[in-house]
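One structure below.
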């Protein structure tokens, strides 16, 4: 631990050390104070006490920071520990009289800190404090899928949003793209056009333009069920719907198929002229609705009153009446769109429409809670304002680490002392150039001011994954005595082996993949029995790649792993003559193959080639009931999302990991159905009209509705199946209906599924993988030994699948194939994480490296960009220079158009063939405005460029007019100074994005040139929206045209705004 010697900072140096507040976080320990002489104070009133007194009681009350009722004594949230999957409820601190009077009511953050020390914790349950018990849990797959198993969204990491509330440490919920919580099976929440209110307190400086950072009332099937089927709060700067006139972010609502900041009756404009952009650190935002009317309000959660953002009529007749369904979501859109980000602290929903006076009382209550920033922070000295959350050491190496104290106590902090606690006595921490292990500031630190100290931290010789702890001590005149606080960052002390480069595929061979390891140190390192886990998004982890015993990686040497042309899709046993495989591409009778690798490899000759395993489907997820159902051990049937690929007599794979099992299919029935009622169903009805009856069978039992006001849950049994639609005959049911059920109400039918033998040995749950394993390949003689899932199956005659073998890899692996998004984790023999990355999206956030809170349009967290599969040799994601590691996936990797497997990385990127052009607007005549992208952002705008403009502006306005990615007769526009990045429309907004190799990207980035719509120049027509054109509108660039209803679709000046001059490039080729 740290020694007792201390460096004292005199007043002038202390003042110089003060730092501006930044968006980071804090921790806090209960400080001692003078002995109290009075009884413990009463618990403070909560927001839901205010709502109840106003006649609009809460039907949902969620917070990770404080109690929402003065009388609430239950847990606020639950965390699960990664190291052992243990869980713990985090409750509230009770009032005490000593050592100083404390009314309590805030989160017991110390309990979380102790439980989660040296590991990662996830928030698994956000408890509802209201009597309705509408707890929020992991959001299920919906219209959009998340990155977790089977399409669930990821769970939030518990310590990513530390703050202070009432002078005490607490944690918010940090939502990264792909994260989210939800409850589709609620009680008491408003439905249909019933009145409701809702508010939340959030971080006003953490947002993006992704859809959609929401909290509130949503669809009970996690799908877009039409206009008016949800009504939530929203925060961000998405511009595809209604929005403010500035840059955002804005306080708005999400009413499905519309983010709504206002309504402009009689106008097609979606610009809300009076809707302000928000810059408050803490924001109170409200949304409330009743028949024919809605309003939104917002304010600074630290001070002052609320302001009305909008108060007026519904958008149009399709939203009047509303058709709310009553689910509750946090962090995502109603259809589970999960590209959004933000930070949540508290929120509530009411039954009834709160008055403006009650809303203001809620704001007063929030301000009185005293939200403030993180009090103590620890970060690499090189990244204090953008902490990566991780510092990686090689054993015995040194790095500078900074501890920062921000005074959020409300009074002066006297004698502030900062230090670092270390993992063990073999680590050291000193002020650079001294032997001092702490720094004390003699001058008081004023409220809101900051001081910091930097320490040289030297790691010990033993490998380690865990916490590095920052400490602060101070005296507060209002509390008396000495107070203290701690904060942590994650550290790794590991050998300098890096995941250095990878490729996911290439044009014509989507499995042309490899992963390269690199020894960034000078000394040889034994990597025997190290493991690499490669985890594609939404998939289960079936296997790891284990490095063979006796493998040493020389200093500055490479170790290449190549994806074999096929691999085992199911375990193979000794004596098997037929094996199920991932791919049969290129395989043929008479070919010789190697099953497995190294000393365990067996060579056989193929006798016959059948079918490969299909991609996994999932065990059925019903909504709103569920979302998880468990099929018990001993079952011979499972409901599935799709029955495609399953054949009687062939094999089926169930589950994953230790619970993976293989059986033989005995019958293939009907897959599950998620549908909607096609017409209102009334009490006493015995016939229900449904959107689809295709997979419904007589005898099926169907659940209808949720426990909402005026409705109720009931189960019906199907006695006859007719035709689909509002005019169809629907289904006949045995039991007359007991409740009213609205048209458009979601329902779920499990189907008859897939039957198999023998009976399952393990239970299996919704969204676990279920795989049709195909008929496989037959071998000339039985295998001698057992081989695991994803053991490589290598056929040297195959040239159009897998890594082609040049240069030869040091080791083959059989799968899984690399996807467009995934995660990689390298572990040593102690199972300590040596290196990790996410690519394409934040698939496993706990392994992410880099600052995750960068906000603004197009921001989506720090991860490696998907290199895509363009080109015969593909593209790779590569560290440059080799081994470069600043603990930032987004900063350390670059996309290379010339992959270099097993050799030094070259991140030079060759632009696509084609002429360089600049696109000049034609209106007004003689305009000097050109289409240009941002220097460091993805935004695309129009603005002046002249001969006197900086070279950077000229480059930003110059593009390669390349053959269209989706249609070579059309064009794609590649930025000359950001190779591999193209103009692309998303939500009809044009931005500059890296090619991710997907079909959708190719379509979104391809435009067909036609004669200018105004008779001048050219117009560029979208290849996948043929009536829409690139348009300059108010300085932004959009995809516009009929039948669009966005502001930029207006017919005014349409011909001029969609016509461009293909001009001489401002940045000609060298």
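Just so you know, glycine gets a Cβ as well, placed from its N, Cα and C.
Model, not experiment: these values are computed from the prediction.
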Among 796-854, 855-913, 914-972, TrEMBL marks as region 'Disordered' the stretch 855-913
Under an 8 Å Cβ to Cβ limit, what residues of the same chain, 6 or more beyond the ends of the compositional bias 'Polar residues' (855-873), are close to it?
176-177, 205-210, 237, 239, 248, 339, 341, 388, 502-508, 510, 512, 820-821, 837-842, 848-849, 888-891, 893, 895-899, 937-939, 965, 980, 991, 993-998, 1001
Which residues of the chain, 6 or more past the ends of the compositional bias 'Polar residues' (886-911), have a CB below 8 A from one of its CBs?
380, 382-383, 388, 390-392, 500-501, 503, 514, 516, 558, 560, 562, 803, 807, 809, 837-839, 848-851, 862-865, 867-868, 871, 873-880, 960, 962, 974, 976, 979-980, 994
How far is it from residue 212 (disulfide bond) to residue 121 (disulfide bond), counting Cα to Cα, in Å?
25
So of all those disulfide-bonded residues, 48, 58, 116, 121, which one's Cα sits nearest to residue 335 (active site, proton donor)?
58
In three-state DSSP terms, the structure that residue 121 (disulfide bond) belongs to
strand
So, three-state DSSP: helix, strand or coil for residue 335 (active site, proton donor)?
coil
Using DSSP, would you call residue 58 (disulfide bond) helix, strand or coil?
strand
Taken over the domain 'LTD' (481-608), the model's mean pLDDT
97
Look at each of the disulfide-bonded residues, 48, 58, 121, 211, 212, and point out the one with the fewest other Cβ atoms around it within 10 Å.
211
My understanding is the cutoff is Cβ-Cβ under 8 Å with a sequence separation of 6 or more in the same chain; which residues meet that for residue 256 (active site, nucleophile)?
219, 224, 225, 226, 227, 228, 229, 230, 334
Sort out the sequence-distant neighbours of residue 116 (disulfide bond) for me: same chain, 6+ apart, CB within less than 8 Å of its CB, listed by position.
79, 81, 158, 159
